[in-house]
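Peer 1: Supplied in C-alpha cells, the structure appears directly below.
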Amino acid sequence: MASENTTETPSVPAGGPLAARISRPEGDANPPSTEAEKPAAEDDSGKGPSIPQVDGASEDQRGSELQDSEFDVNVKLSDLQADPNNPLYSIKSFEELGLAEPIQMGLSKMNFRRPSKIQERALPLLMANPPTNMIAQSQSGTGKTAAFVLNILSRLELTPEKQKSPQALVLAPSRELARQIVGVIQAMGTFVEGLFVATAVPMEMNRNQRVEASIVVGTPGTVQDLIKKRLFNTQHLRVLVLDEADNMLDQQGLGDQCIRVKSLLPRTIQVVLFSATFPDFVVRYAHKFAPNSNQLTLKHEELTVEGIKQLYLDCESDEHKYEILVKFYGLLTIGSSIIFVKTRASAAEIERRMVAEGHTVVSLTGGIEGQKRDEIIDRFRNGTAKVLITTNVLARGIDVSTVSMVINYDIPELHLPGAARRMADAQTYLHRIGRTGRFGRVGVAVSFVSNQEEWQMLQDIQKYFSTNIERVDTRDWDDVEKKVKKIIKPSAVAR
C-alpha cells in the first residue's frame with residue numbers, strides 16, 4: 001500500500017540565466033525567485049464503450065480523461081542504426097510490458113485499458129534494459145505522467161531494506177504539480193506493497209527531517225537543499241524525471257538547480273524529460289542534460305489542442321478588459337474557469353475588485369506560500385471555487401477536469417530585453433489553453449486584446465501553430481454570450 005511523507009527545506013537563491021532568452025512566468029518587474037514562485041481507447045474487445053484513462057491528476061483529484069487525438073509521434077533512437085519502426089519499440093496493450101501483478105491491478109483500478117499513442121511508443125523504450133535516457137514531447141493530456149510513473153514503479157526494489165531508500169526522483173516546477181504527480185503515483189501504486197512516496201516542496205514539515213521513501217517528488221531547490229544537508233541519500237537512485245522539463249531547463253534559477261541536483265546523483269541514473277513543448281533552443285540543453293537519449297517529438301502544427309475553441313476579444317483599454325471580464329462572470333461559472341494574468345499585482349487587484357462586487361473568485365500566485373496554496377488549489381479542484389485567477393504558476397501540468405474556459409487576460413509574452421517590440425510566448429499559450437478542452441470535452445480559450453502590440457502577438461501565435469483564433473465583437477454582447485454558451489454548455493451538461 002502506497003503511503004506518503006512530506007519533506008521541506010527553505011528555497012535556494014536563483015543562479016544566472018541559462019540562455020539569452022528567459023521567459024518570466026509571472027511577468028513581475030523584479031527578477032524571478034526560486035521554485036516557490038513557480039507553481040480513451042475502446043475496451044479490450046474493441047466493441048465495448050469507451051473506458052477513459054484519467055490523465056494528469058488521479059480520479060479522486062478530479063483529473064480529466066485522456067486526450068488521444070490523431071497525431072504522429074516521431075521517434076529518434078539513441079542507437080542510430082536501429083529501426084524506430086521495429087515492433088519491439090511499440091506496444092498495443094499494457095500486458096505486452098510484462099508488468100508485475102500489483103502494478104497491473106493499479107492500472108485496472110485507474111481504468112487504464114489500452115495505452116495512449118504516446119504510451120505505445122514511450123513505454124517500450126522507457127522500460128527496456130539496460131535503461132536508456134529519454135526526451136519526450138506530447139500534447140497536454142495524452143498520458144505523459146502515467147508513462148513515467150509506470151516506468152518508475154517497474155524499476156523499484158521494495159525489499160524491507162530498500163523500500164525507504166529513494167530510488168526515483170521526480171522534479172516539477174511547482175508544488176501544485178508535485179502534489180498532483182504524487183496523487184498519480186499513489187493511485188497507480190495502490191496495490192504495491194512497501195511503496196513510500198515523499199513530497200519535497202517548500203513549507204511542509206520539519207526542515208531537518210530525513211527523506212525515507214521509495215519515490216521522491218519535489219521542486220529543484222528543496223531537493224538540492226536536502227541532498228546538500230545529507231538528508232536525502234542518493235546512493236540507490238535509478239530514475240530521474242523532469243516533468244515540464246523545458247520550463248525548468250529554461251527558467252533562470254530552476255535550470256541551475258536542476259543541473260546541480262543532477263550533478264549530485266549517480267552517473268548511471270536513467271534521465272527522463274517530459275513536456276508538451278520543447279523549443280529548439282531548449283532542446284540543446286535537454287540533450288546535454290540527458291545525453292544519448294531516445295527522442296519522441298511532434299510538429300508545431302500537431303501541438304494545438306483539439307476540442308478547444310480559440311477566440312479573442314477586442315478591448316478598448318485595460319479598464320475595458322476588466323469590464324468585459326466582469327460581464328463574463330456568468331459564463332465563467334458554467335463549469336470552472338482559469339484567468340491568466342501577467343503579474344501578481346494584477347491577480348490581487350482583479351480578485352479584490354470582483355469580490356467587492358459580490359463575485360466568488362480566488363487567486364493563486366507565487367507570492368502565496370505553503371498550506372495556503374494547497375487550500376486554494378483544493379478548493380478549485382472540488383468546485384468550492386469555480387473561478388481561479390493566476391499567473392503562469394499554474395500554466396503547466398495542472399489537470400482539473402471541470403475547467404471549461406481559459407481566459408488570457410494578458411497575452412503570454414517573452415522577456416526579451418532590448419527587443420524592438422513585445423513578443424508572444426507561444427509555448428506558454430499552448431500550456432495555458434491546455435488546461436481546458438480535455439479528452440471527450442469541449443473548452444473555450446478567450447484572449448483579451450487591447451492594443452496593436454497584443455493583436456500582433458496573437459497573430460504570431462496563430463502563425464506558429466498554423467491555427468485560427470476567431471475574433472468576437474464585444475459591441476454585441478448577446479452574440480458573445482450566444483457563441484460561448486453554444487460551445488461550453490453541452491460539455492458542462494455532459495459532466
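Cβ atoms are placed via backbone N, Cα and C, with glycine included.
On a predicted model such as this, the values are computed, not experimentally measured, just so you know.
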Peer 1: With Swiss-Prot as the source, identify the stretch among 92-120, 353-381 annotated motif 'Q motif'.
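Peer 2: When 92-120, 353-381 are checked in Swiss-Prot, motif 'Q motif' belongs to 92-120.
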Peer 1: According to Swiss-Prot, which stretch among 243-246, 287-290, 303-306 corresponds to the feature motif 'DEAD box'?
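Peer 2: Of 243-246, 287-290, 303-306, Swiss-Prot gives motif 'DEAD box' for 243-246.
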Peer 1: For the motif 'DEAD box' (243-246), what does DSSP give as the number of helix, strand and coil residues?
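Peer 2: Its residues fall into 2 helix, 1 strand, 1 coil.
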Peer 1: Could you break down the residues of the motif 'Q motif' (92-120) into DSSP helix, strand and coil, giving a count for each?
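Peer 2: Counts, helix then strand then coil: 17 helix, 0 strand, 12 coil.
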Peer 1: Per DSSP, LYS144 (ATP binding site) is which: helix, strand or coil?
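Peer 2: LYS144 (ATP binding site) sits in a helix per DSSP.
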Peer 1: Taking the Cβ of THR145 (ATP binding site) as the centre, count every other Cβ atom within 10 Å, in any protein chain shown.
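Peer 2: Other Cβ atoms within 10 Å of THR145 (ATP binding site): 28.
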